[in-house]
Amino acid sequence: LLHPKPEGLVLQYGTAGFRTKAKHLDHIMFRMGLLATLRSKQTKATIGVMVTASHNPEEDNGVKLIDPMGEMLKPLWESYATQLANAEQGDLLPTLKDVINKEAIDMNQEANVFVGKDTRSSSAILSQAVLDGVSALSGHNYGLVTTPQLHYMVCCQNTQGKYGEATVEGYYRKLSKAFIQLTKNASNRTDDQKHLCVDGANGIGALKVREMESHLQRELQISLFNDGSKGKLNHQCGADFVKVQQKPPTGIKVSPGERCCSFDGDADRIVYYFTDSDGTFHLLDGDKMATLISTFLKELLTQVGLDLKIAVVQTAYANGSSTHYLEDTMKVLPVRCTKTGVKHLHHAAQEFDIGVYFEANGHGTVLFSQAAEEKIQQLLEDSNINDKQKRAALLLQNTVNIINQTVGDAISDMLLIEAILAIKGMTVQQWDAIYRDLPNRQLKVKVSDRRVIDTTDAERRAVSPAGLQEAIDSTVKKYTQARSFVRPSGTEDVVRVYTEADTQENADALAHEVSLAVFKLAGGVGDEPKPMK
Ligand code: NG1
Ligand code: ZN
């Protein structure tokens, strides 16, 4: 039998689909091929399957299903995925039949599944296992693509090309055309301003940036580092490394003040940074991007006189300074907080005409309601508007086109940020100075069962185990401008601790104290957490 399941292995479709050591995933891939086929028959639309473990180490792999409009798989189907993944070999058929019955799937309906993979050494074999699960003739193998490119192509396919052409070339053409149009509005850009250093995390994003470069007509001049020719995927490089370590990746050589960015392993995250002349590292994370983008959009809306509801969606990991800036200094921008996980942010962003969502780690995008897109279009056709309004309306339209609305996209976000900086004539230093991040720390604590931690209020408070939240509260009280929360990770077997305070020393000390409380009250395993050096 093909792709048998090792007995007893239990995995869960979490916030990032299935993700674990690549060697445990063969049967999962095959079964996700089967499930994607069922989902395709049920929705009568094309479904995507992406083989990647994103920012995880090269030895890991994973798989995620993409729903018809390029969005994340619907929660009910996540539970089918988990059931199917964990059915012992003899129960596989009954489990499949169960889904077919529950969803009243017409098995004569045609299916279409798009499959893509990242550059991991295990991805070739694993994506073949997916294709084995997709019934004959109903799959299209895109081979090496970024995660957001596959989301984009699924959406293009299911909108009959309205969103764009369902090819990688079509993606490059749409985004680069919008980029060229946008940067036309930036006068006197110097070569310095056109230059950007990109850390490709030794992954798929590096390959795809190379492919795209010629489309950008030297309006963006990229120095590519960690392009995969020697280094290991995500190893001491990439967006996650830079964000969590708060330092530049290895393998990148830049001068003080130079604008840099890092992608993650499947190019659905991006962070910016620079090192100033005294060696201080400055990170511009998802919160800084959300601020720049939402401010830009808000200004354009004011210029054209469109009354559209715009909001920013964040998670508890958003730096307190960013929330404070958006809510109190900008006033006009409402901020929503959701649970961690792209689907939660995406969902909340859909409630506005324009929803800007970003995780602090650099995953984010902007969603435009259909009404918003129509109003922008109508404005462009309106002969009564003046030149200034016309320019702003064109900028809005090209901003819509440069954005990958299906999911966070490092390449698309990079082009948008570069365009905004160019149009505003803003340096990365000026962007950074919009607000100052509160010093913060993220730590992991190993416990025997992370599910003992239950949270509420968008994960900002723990309701169990008993006493934990009280312990966190009384510790936080001892510090200034402090905030902390803990939550079980959805992608790793750990509890995550987050803290913020007035100084880095205090953020670190608070993180240590909270880690100890988690260790003691939530069943820590191994050595007690040690204070940071
Ligand atoms: P977990 O492991 O649940 O914290 C991490 C990220 C999420 C999201 C997912 C999916 C942090 C703190 N958490 O989830 O934001 O990106 O991975 O990749 O960055
Ligand atoms: Zn990723």
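Using the three backbone atoms N, Cα and C, a Cβ is placed for every residue, glycine included.
Heads up, TrEMBL stuff is auto-annotated, nobody curated it.
Record features, source TrEMBL:
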{"type": "DOMAIN", "residues": "41-75", "note": "domain 'Alpha-D-phosphohexomutase alpha/beta/alpha'"}
{"type": "ACT_SITE", "residues": "S54", "note": "active site, phosphoserine intermediate"}
{"type": "BINDING", "residues": "E359, A360, N361, R487, P488, S489, G490, T491, R496", "note": "substrate binding site"}
{"type": "DOMAIN", "residues": "463-515", "note": "domain 'Alpha-D-phosphohexomutase C-terminal'"}
Same-chain residues at least 6 beyond the ends of the domain 'Alpha-D-phosphohexomutase alpha/beta/alpha' (41-75) whose Cβ lies under 8 Å from its Cβ atoms: 13, 16-22, 25, 28-29, 32-33, 35, 81, 103, 105-107, 109-118, 120-123, 126-127, 130, 134, 145, 147, 150-155, 157-159, 163, 201, 204, 232-235, 238-241, 264-266, 268-269, 342-343, 346, 405-407, 491
In sequence order, those binding-site residues of E359, N361, P488, G490 whose CB lies under 6 Å from ligand 1: E359, N361, G490
Of S54, N361 (the recorded positions), the residue whose Cβ has the fewest other Cβ atoms within 10 Å: N361
Cβ neighbour count within 10 Å of E359 (substrate binding site): 25
R496 (substrate binding site) to the residue listed as 'active site, phosphoserine intermediate' - Cα separation in whole Å: 19
DSSP state at P488 (substrate binding site), helix/strand/coil: strand
For P488 (substrate binding site): intrachain residues, at least 6 apart, with Cβ closer than 8 Å: R450, R451, I453, V494, V495, R496
Cα-to-Cα gap, G490 (substrate binding site) vs S54 (active site, phosphoserine intermediate), nearest whole Å: 14
Annotated recorded positions S54, P488, G490, filtered by Cβ under 6 Å to ligand 2: S54
N361 (substrate binding site) to S54 (active site, phosphoserine intermediate) - Cα separation in whole Å: 13
Which of G490, R496, the listed binding-site residues, has fewest other Cβ atoms within 10 Å: G490
Helix, strand or coil at R496 (substrate binding site) [DSSP, three-state]: strand
The domain 'Alpha-D-phosphohexomutase alpha/beta/alpha' (41-75): DSSP-derived helix, strand, coil residue counts: 4 helix, 14 strand, 17 coil
Site extent for substrate, whole Å (max Cα pair distance, E359, A360, N361, R487, P488, S489, G490, T491, R496): 17
